[in-house]
Amino acid sequence: MSRTTVATIHLGALRHNLERIRSLAEPAKVMAVVKADAYGHGLERVARALDGAADAFAVASLGDGLRLRAAGHRQRIVVLSGPDQAGDIAEMQRLGLDAAIHHESQLRWLSEASPTRGRLRVWLKVDSGMHRLGFAPERAAAVHAQLSTMTGIDPDIGLMTHFAESEVFDGERTREQIQRFQQATTGLSGPRSLSNSAAVLGWPDARGEWVRTGGLLYGLSVVEGKAGEDFGFRAAMTLSTRLIAINAIRRGERIGYNGLWECPEDMPVGVAAVGYGDGYPRSAAAGTPVLVGNQRVPLIGRVSMDLITLDLRQAPDARVGDRVVLWGPELPVEIVAAQAGTISYDLTCGMTRRVLFVEDDN
Ligand SMILES: *Cc1c(COP(=O)(O)O)cnc(C)c1O
C-alpha cells in the first residue's frame, strides 16, 4: 500500500468553486457538469459534495443519470446527448432525467413514446457553429413547435448551444455563435443555456438562464497560459506519491528507456512511484515540474509505466520516502498538461484504477 499513488479530492475546493461560478454567472442557475466520472474526480463523490448547492447536474449519458439517482440525488439531471436509442426515453421518464434533443432520430422516438409515463423535460440543442451535436439554426423554430405539440413533453422547453472555442476571449467564432443562437431562438419561449466554463469567464453576453460548468468546478482552466487559480478557483485534485530511490549517476550516463536524457554532471537522480499506468502522461517532456517536498524539480528521461525519474540537483535535502506531488494546489495541472501537449481535463480524466482515491475538506 505504501507505494500507492493517491488522488486526494478536495471537497472544500469543489464547494468554493461552485460558489465562485455562481457569483460570476449571477443570476444564472448553475448546472454542475459531472460527466466522465466528474472529470476523473468521482461522480458520486462530487455529487455528494455539491448536493443542494448545484441547481442541476449534467452528465453525458443515461448511465451516469442512473448512478446519480441510485445514489439518492433528487435534483434535475440533464443528459447532454439525450437518448441514444428509442428505449432510453422510457428509462429517462422513469428516472426523471432531462433530455437534450439534438437530432431528427430522437424526434421520431419521442413521437412514438408513451406519454403516460410522465412528462419528459427536454432541451432543444441548436448547432450554432461547433458542428458536433444540434439542429441547424434554421430548424430550431420548427423543432420547438413540434416538441410543443407532444403531450409527453414538458412545455417549458430549454434552448441550448455549445461553444467551440470560448476560451479565446477575443475570438470571432464565439461572437458569431452567440448571434446565430440568438437569431435561431428569437421568439421561442424557454430558458437559454449557452456557456461552458470558459464562456462564464470571458463571454458575459452568453449567460442565459443556465450556465453549464465542468472545468471550473474542479478548478481547471483551458485558457491558454492560465490556471484555474488565476481566476480565483481552487484545484480540487492533488495527485501524489513517494520518492522510492535516490541514485548517484555519473556524468554522461543516460536515464531511462531509450536513454533520452544525458546527465551533464555527476548528479542525484530521484525515482518516484508513478507512471502512465496511473495516468501520469507518458508524453510529459523533460523539464516538466514535479514537487519534492516544497521544491519544484524537473522530470528527466521518459515516463515509464510505474516510475518517473527526477533531477534532484536543486533538492539536496530530498530523502527516500519524501512526498512527491505531480499536480495539485501548489503545482497547477495546467502546467503539466501544457508540457505534455494536452489540456488539464485530459489529465484528471485519465486517472486509472490503480490510483487510490481519498478525500479531504480542504
Ligand atoms: C462538457 C460540456 C460542458 C462543460 O464544459 P466545461 O468546459 O468543462 O465547462 C458544457 N456543455 C456541454 C454540452 C458539454 O459537453
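Even glycines carry a Cβ here, placed using N, Cα and C.
All annotation found in TrEMBL is predicted automatically rather than curated by experts.
Per TrEMBL, the feature active site, proton acceptor maps to Lys35, Tyr257. Per TrEMBL, the feature N6-(pyridoxal phosphate)lysine maps to Lys35. The substrate binding site annotation in TrEMBL covers Arg132, Met305. Residues annotated as domain 'Alanine racemase C-terminal' in TrEMBL: 236-360.
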DSSP-derived helix, strand and coil totals, residue by residue, for the domain 'Alanine racemase C-terminal' (236-360): 16 helix, 49 strand, 60 coil
Local confidence of the prediction over the domain 'Alanine racemase C-terminal' (236-360), expressed as mean pLDDT: 97
Cβ contacts of Arg132 (substrate binding site) (under 8 Å, same chain, 6 or more positions away): His162
Neighbourhood of Lys35 (active site, proton acceptor), C-beta criterion under 8 angstroms, separation at least six: Ala58, Val59, Ala60, Ser61, Asp64, Leu80, Gly214
Spatial separation of Tyr257 (active site, proton acceptor) from Met305 (substrate binding site) - C-alpha basis, Å: 11
